[in-house]
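Okay, so here's the structure we're looking at.
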Amino acid sequence: MTFKSGFVTIIGRPNVGKSTLMNKIIGEKIAIMSDKPQTTRNKIQCVYTQKDYQIVFLDTPGIHKPKHKLGQYMVKIATETLKEVDAVLFVVDEGNSIGPGDQYIIDQLQGIDTPIILVLNKIDKMNAENLNHLYDQYEKTGIFKHIIGISALEGANVGNLINLIVQYLPEGPKYFPEHMITDQPERLIVAELIREKILHYTDQEIPHGVAVETSLMKRREGKDIIDINATIYCEKKSHKGIIIGKGGRKLKGIGKSAREDIEKLLGSKVYLELWVKVKEDWRNSENTLRTLGYD
């Protein structure tokens, strides 16, 4: 039996369900999910292995017009990834027509030799007439090998999407062991899980002015518990107060919720300590971005 393997990137506007889709396929919480846009900052590499194929997924930041150095970094990662892969999944969600954000990405995809599959997500929220109308509009662009409707959250039609992807995989080796589902360091995943909870507990302009650095991650000697220290960086003193909350209640909520997810990830009890520090304009500081892993 021949074995197929290859690399697939997932692109799309912020907040269309790219990370939800990848997490549904992999079956583990690897990519950060939030109801706020631009939540994925690093090119997360996840691995899905079956007996006769292996797919390596690259979950890129949403392609958008950048407003700062961090935004430039995110878009650079997303567009460069298109050159490295065997197939591209372009994820869009419900709407009445192709919006300017999706049209911007379509323009970026013109002339790309890599096979592109359009994934219409959130079909559970669309009626048949709207779905058919969108299908026709995207088909007229002429750049998609296939168009498929799914619900990433519910898992509807995701199996058929996988079958489509496998068609474009070349024969190749297992790039990663069967048990491996990501190449990301645990410290980075822990930081992203904490940042997800910050996005959940805060609002307005605060979330995307926030970064998390895991400074300590160590198993206690002779005990089934991992000590984790992490620093939350924000850009304004007022943001620090909002993240901490009255009497520290909001920070405690962030910590408790993050700890529960981290314990599931690591399969161990976790003692999590969080600090909040102000680092003004960190998104435009190349040194700070490099320190936080955005290089």
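Any Cβ shown, glycine's included, is placed from N, Cα and C.
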Stated Swiss-Prot location of region 'G3', expressed as one of 59-62, 171-174, 283-286: 59-62
Per DSSP, three-state class assigned to ASN15 (GTP binding site): coil
